[in-house]
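*Asks:* Quick one: this structure, given as structure tokens, is what I'll be asking you about.
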Amino acid sequence: MFQGSIVAIVTPFKNGAVDEEKLRELVEFQIENGTDAIVPCGTTGESSTLSYVEHDRVIQVVVEQVNKRVPVIAGTGSNSTHEAIEITQHAKELGADGALLVTPYYNKPSQEGLFRHYKAVADAVALPQILYNVPGRTGVNLLPETVARLSVHQNIVAIKEATGSLQQASEVLALCGDKIDVLSGDDFITLPIMAAGGKGVISVTANIMPKEVSSLVDAFNAGNLEEARRLHLYLLKISNAMFIESNPVPVKAAVSLMGKCSSEVRLPLAPLMEANLAKLTAIMKEYKLI
């Protein structure tokens, strides 16, 4: 259902507030350059530091600006199941086409707890939902066997696999078959995951190079493996640079260097350190992005 090059879009700020004008411009930049779907309020969108009102407003602005040209998949995860249900329902009411739900963080649920959490949200809200597994941030790993149990639910349509492990992604693919789609959650392994049967990527790099990320996915789907491999290797350095510090600090700096919005992030995130900003600037010049 949700396939291809999907951007986890940044949330631009200006003087501490959401910069709606720049957000709309970023949406246009994505659509003009071939992005297949947009995820507002994900990790890259700094969802954890948005108020409930801001969270709803960011989704609303993106839905309005997209105007049904591509799917909008709202980040609606929480470490409270009740809250995740409420946020997902709000996203549906605002016109989102789907929801991306990160595994509950900090409280470290068991696999049974994770299963019950996701099932409860999927039972409560009739909206296509993507599981989001990123144990490096959440402290819990949604194991392939649990994904397989969830894959039979009609409202669970995909998983964003951000373990960085090709083995785990492959195990999910082997256990789930075509019941759900597997999307790479790490730009640097998009091509290997697609080669194993994945359907695309939820990308950080697409914030600055949407055309190239989209072209990689399209080349693979067209059977042009040589071009897909070329783009995979070409994007590797810039994709790694997006994690020179904690996401989304580097990508916010990169988008700012391109003149598209402020690099402002919210505490407890801090601006990119000067030494890393110099490294990022040099890499972006190599790619002729600035």
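Every residue, even glycine, has its Cβ placed from backbone N, Cα and C.
I grabbed these lines from Swiss-Prot:
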ACT_SITE  Tyr132  active site, proton donor/acceptor
ACT_SITE  Lys160  active site, schiff-base intermediate with substrate
BINDING   Thr44, Ile202  pyruvate binding site
SITE      Thr43  site 'Part of a proton relay during catalysis'
SITE      Tyr106  site 'Part of a proton relay during catalysis'
*Asks:* Measure from the CA atom of Tyr132 (active site, proton donor/acceptor) to the CA atom of Thr44 (pyruvate binding site) and give the result in Å, rounded to a whole number.
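*Replies:* Distance (Cα to Cα, whole Å): 13 Å.
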*Asks:* Taking each of Thr43, Tyr106, Lys160 in turn, which of these recorded positions have a Cα lying within 10 angstroms of the Cα of Ile202 (pyruvate binding site)?
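*Replies:* For Ile202 (pyruvate binding site), the recorded positions whose Cα atoms are within 10 Å come to Lys160.
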*Asks:* Near Lys160 (active site, schiff-base intermediate with substrate) in space, meaning Cα within 10 angstroms, which of the recorded positions do we find among Thr43, Tyr106, Tyr132?
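*Replies:* Checking each Cα against Lys160 (active site, schiff-base intermediate with substrate), the hits are Tyr132.
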*Asks:* Using DSSP with the three-state reduction, classify Thr44 (pyruvate binding site) as helix, strand or coil.
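*Replies:* SS state of Thr44 (pyruvate binding site) = coil.
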*Asks:* So if I measure Cβ to Cβ from Thr43 (site 'Part of a proton relay during catalysis') and keep only same-chain residues at least 6 apart in sequence, which ones fall under 8 Å?
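*Replies:* Non-local contacts for Thr43 (site 'Part of a proton relay during catalysis'): Ala8, Gly75, Val102, Val134, Arg137, Asn247, Pro248.
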